[in-house]
There are 2 protein chains.
Amino acid sequence: MDLHEELLEHAAKLDAADPLARMREEFDLPAGTVYLDGNSLGAPPRRVAGRMAQVVGQQWGGRLIRSWSEGWWTAPERVGERIAPLVGAAPGQVVVADSTSVNIFKALTAAVRTAPPGRREIVVDADTFPTDGYIAASVAELTGAVLRPVPVDALESALGDRTAVVLLNHVDYRTGRMHDMAGTTALVHAAGARVVWDLCHSVGVLPIELDALGVDAAVGCTYKFLNGGPGAPAFLYVPSRLQDSFDQPLSGWGGHREPFAMEPGYRPAPGIARARCGTPDILSLLALEAALEVWEGVDLAEVRAKGLSLTGFFAACVARLLPPGTVEVITPMDGPRGHQVSLRHDRAEAVMAELVGREVIGDFRTPDVLRFGFAPLYNSHADAARAALALADVLGAPPAGRA
Amino acid sequence: MDLHEELLEHAAKLDAADPLARMREEFDLPAGTVYLDGNSLGAPPRRVAGRMAQVVGQQWGGRLIRSWSEGWWTAPERVGERIAPLVGAAPGQVVVADSTSVNIFKALTAAVRTAPPGRREIVVDADTFPTDGYIAASVAELTGAVLRPVPVDALESALGDRTAVVLLNHVDYRTGRMHDMAGTTALVHAAGARVVWDLCHSVGVLPIELDALGVDAAVGCTYKFLNGGPGAPAFLYVPSRLQDSFDQPLSGWGGHREPFAMEPGYRPAPGIARARCGTPDILSLLALEAALEVWEGVDLAEVRAKGLSLTGFFAACVARLLPPGTVEVITPMDGPRGHQVSLRHDRAEAVMAELVGREVIGDFRTPDVLRFGFAPLYNSHADAARAALALADVLGAPPAGRA
């Protein structure tokens, strides 16, 4: 058996034992495409198209304005409840609204404004996804705080009695490295500060326990592993214990205690609704709601196990197919990681373009990183093998001989 | 001929001469429904459902991540260009993003931060749509400015060398009164301050000349007379002359000069793109794009003339059908107004519920206002007559005798 056949056969065996294999049928993906970019844009769940037709035709077209009182106005909290179990949150603590960037702005500003006097530092991880750092800088400027970017591994020594809040990415978007949420949250709390976690690259990938760890706020997008659609609205978690003091600055009418009373003064709503701002964006929100229904009955432990298997198998295929040194694996394959494998290669941009031309779709991140994301609900080990084979072909690896 | 027949016949004559009558075919409205709430939620243009199916199935499902570089990333500016001619803006000055509330936050914060020292007052009209006032209060708190609510008629005396920015609603959401954009903008400028106009209740209703009047910023929603869908993303106008200094606080990666360079520091994009924040919400944005295509070739002067005719005819029908004093017309029928007629009645909420039960759909605003909105693209004089007849019936007007 040659190496190609061996890898594909191994993949077939792993897929045959996959308890999540049935989930692939929930998604609409072009035949023949190996889609490994669910860490950037999740694939469309089949039920979204029908839901959109129903929302536009019947809810908007048929019920018109009445739909606002027939489920639209409360959709931000209702859809939030579908995300809550995916992040370890009891009911009443997650709302879907606005973008990740806007929600970071709300969470950080609220944290700085309620911090004790003297705590004026906003700490962010130095390798953060850029928008987190950009927003943190703006919050610092507006509130008179100081922005302090720190490598995650040096976080402990940076924390102290001047720290107001720490903003961290659970999984690094470039490398796929997963940070220790339990340990880091405890460190931040020991320093008397608050922690805001960005879950963009981890929600829908692995079990998260926000309540159990006492996390102070969390944000995340819904268009990656949650498959909510391009630019789908983001979520914001604020634990019940902090909601009454959540002093967020985007005090739009959506977060008012009685929005339709049209009062001249702002009185924040009780509960998580005070994290809302403007009128909810219903088409995107209800597309997301349909996408989240796919998660009913899905065991996150199985998702996690499959993600580790997919990423591990892909890295193993790459190692067998490519001569040593052809690419550098920058994802910690022996350590905590999300569901992506990132490879460094000098011609990464051109290599990815060639792969995409062959319908093997990952992505490129400047300056030299190839990213391959694995979504356990619709990716298979066969996808991983085919992607590795295509990569070897593009990189001109010697024809595989006998294994 | 009895009065009912006379009014319906008069309506039919007016409708027969309506140059916009053909536009009704662009919309999907239930047969038998008189929909007079387009000032709250516009009716669905027929083409939206098909566009959504195409976006979900082909762009998202077929092209997947590639669609971001095939028209998604630039959609906020592209869709903005469809709004620009409706507000009198040359290209490159309107972007579609976030909600009205969020865009007010951007515009006011930018205005206060770039105001000369000493100018620390944010003036808002005292009868503003609530979210405008709520957001203005938050901006004042964050920037150390002072919020000053002022009745529009007393605006001139409130302006002075402490005024940084004035936020005004073009058309009042309750009464339908239209404020004088030209005169007021000149007043504010004469005081050395900047003006931000909220166009939520006027865009798509009447010709607006932002460039010609030298307006400093404008915001508006797209789900009322622009028919973009429930909670569709809002727009923000920043004139070219002020874009370089537009220092808005929601500095997400979407407004970065090179968003995909993933730089650690924020460098705002040139042009209107710096008014963006997070990842654009594509499903809602492209539904709006389809909705805006309906405006191609529509003459806003015709829209305005028809709106005045519809509102005037409705008020005339009400006056003929109801005994004097039954309702109080609070819309200035002899003065500048938008495309709604607001009536005060002690039992307004119950009256509107009865009308809606008869498929005559307007809305109620606390505590005692019935609102009837007229969208010239799909409403007819027959709608106006039928609504007035239904209102008279609900209010128990004496059976109409001979005219």
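Glycine residues also receive a Cβ, built from the backbone N, Cα and C atoms like all the rest.
Residues annotated as pyridoxal 5'-phosphate binding site in TrEMBL: A:T100, A:S101, A:F129, A:P130, A:T131, A:D132, A:D198, A:H201, A:Y223, A:W253, A:T279. Under DSSP, A:T279 (pyridoxal 5'-phosphate binding site) is assigned to coil, being neither helix nor strand in the three-state scheme.
Per TrEMBL, N6-(pyridoxal phosphate)lysine is recorded for A:K224. Within 10 Å of the C-beta of A:K224 (N6-(pyridoxal phosphate)lysine) there are 26 other C-beta atoms, taking all protein chains into account.
In sequence order, the recorded positions from A:D198, A:K224, A:T279 that place a Cβ under 8 angstroms from a chain B Cβ are A:T279. The Cβ neighbour count for A:Y223 (pyridoxal 5'-phosphate binding site), using a 10 Å radius over every protein chain in view, is 26.
Taking Cβ-Cβ distances under 8 Å and a sequence separation of 6 or more, the neighbours of A:D198 (pyridoxal 5'-phosphate binding site) in its chain are A:T100, A:I104, A:T128, A:F129, A:D132, A:L167, A:L168, A:N169, A:H170, A:A218, A:V219, A:G220.
In the three-state DSSP assignment, the secondary structure recorded for A:T100 (pyridoxal 5'-phosphate binding site) is helix. Over all protein chains present, the Cβ of A:T131 (pyridoxal 5'-phosphate binding site) has 26 other Cβ atoms lying within 10 Å. A simple Cβ count within 10 Å picks out one of the binding-site residues A:T100, A:T279 as the most packed, and that one is A:T100. Counting every protein chain shown, the number of other Cβ atoms lying within 10 Å of the Cβ of A:F129 (pyridoxal 5'-phosphate binding site) is 22.
The secondary structure of A:D198 (pyridoxal 5'-phosphate binding site), as reduced to three states from DSSP, is extended strand.
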